[in-house]
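Residues or ranges marked as transmembrane segment by TrEMBL: 15-34. Residues or ranges marked as region 'Disordered' in TrEMBL: 93-128. Among the features that TrEMBL reports, compositional bias 'Basic residues' is placed at 101-114.
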């Protein structure tokens, strides 16, 4: 099993698909990386030589922000939006959708589980 950017890459898959296990790398980015490294996309990870793996690590380290660095950058961007009290920052603080989606209905993923409120009708008092 090969370890790149702190992620174990599965041996039995093709290189292009297995690189997508790294946070910040999708299929198109992994294909660009492999073309740049001159490695066949259809090759299995188990067939890669140590030199090939080092080339991939070098390209990822120099040109792409992945895993921890990318997560840190995203969290810093959100923190900055909150500090300057922009519209998007306020939406992040309130836990509401940021990109203009409707919230009267839907938005359950962002807002959490539905909380039902009672009918407001009190139970009748007991006669004594």
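Heads up, residue numbers simply count up from 1 along the chain you see.
Yeah, the Cβs are placed from backbone N, Cα and C, and that goes for glycine too.
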Outside the compositional bias 'Basic residues' (101-114), six or more residues from its ends: residues with CB under 8 Å to it: 95
Cβ contacts under 8 Å made by the transmembrane segment (15-34) with residues that lie 6+ beyond its boundaries: 4-5, 7-9, 40-45, 48, 56, 59-60, 64-67, 70-71
Summary of DSSP states over the compositional bias 'Basic residues' (101-114), given as helix, strand and coil counts: 4 helix, 0 strand, 10 coil
